[in-house]
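The next block holds one structure in the form of structure tokens; read it before the comments.
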Amino acid sequence: MVIGVLALQGAFIEHQKSLAACGVDSIQVRKPHQLEDIQGLIIPGGESTTMGKLMNQFELFEPIVEKAHNGLPLFGTCAGMIMLAKDIAGSTQPRLGLMDIEVERNAFGRQVESFETELTISELGEAPVRAVFIRAPYIKSVAANVKVLAKYNEKIVLAQQDHYLVAAFHPELTNDVRLHQHFLKMIK
């Protein structure tokens, strides 16, 4: 199994380290042809408007959407979650628009208000998950076909719809690989 990690900006190397800790190979994806031999794709954090511009410049939107419609599992973290959302509150920025969610950008404040906390995610076991929130979005609303996996202060921060998984936080910035393992189980 080989997982692609979109490598235009953000913590893509940290995602690759998490995948390696799970015993899985990964490649950095910057061009459409690199999507051909992967079994899943992680879209990392970063700045979502910049990411959208870069994805457009590198002609990645259509190939990712096509692969996703054909069943390619996607995992979006922070800005990656924004890119997967069908709706972004108050924004018309470019996005993949694959997941039936509406997100609010920078919902937990500015960079200086970034924080870490522990989340209970029953799908990942009893031990809490350390979650790093950096200028994080949250999910304002979900369609009936979206499963909410975790909330923080009553705000949805982790959700799954079919072969799409999104997190408002950065699991790759901790040593806990359970969320990456959950994504990998979606592929097998």
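From the backbone N, Cα and C atoms, a Cβ is placed for every residue, glycine too.
Not measured: the values here are computed from a predicted model.
Annotation for Arg105 (L-glutamine binding site): same-chain Cβ neighbours under 8 Å, separated by at least 6 residues, are Ser48, Ile82, Ile88, Ala89, Ser91, Pro137. Per Swiss-Prot, the feature L-glutamine binding site maps to Gly46, Glu47, Ser48, Arg105, Ile134, Arg135; the stated evidence is sequence analysis.
The feature active site, nucleophile is assigned by Swiss-Prot to Cys78. Long-range C-beta contacts of Cys78 (active site, nucleophile), restricted to its own chain and to partners at least six residues apart, with a cutoff below 8 Å, comprise Gly10, Pro44, Gly45, Gly46, Ile134, Arg135, Ala136, Pro137, Ala167, Ala168, Phe169, His170.
Feature annotation from Swiss-Prot assigns active site, charge relay system to His170 (among others).
DSSP assigns Glu172 (active site, charge relay system) to a helix in the three-state reduction. What Swiss-Prot records for Glu172 (among others) is active site, charge relay system, and it gives sequence analysis as the kind of evidence.
Local packing around the Cβ, expressed as the count of other Cβ atoms within 10 angstroms, is greatest for Glu172 among the recorded positions Glu47, Glu172. For the pair Glu47 (L-glutamine binding site) and Glu172 (active site, charge relay system), the Cα-Cα distance reads 16 Å.
Just so you know, of the recorded positions Gly46, Ser48, Ile134, His170, the Cβ with the fewest other Cβ atoms around it within 10 Å is the one at Ile134.
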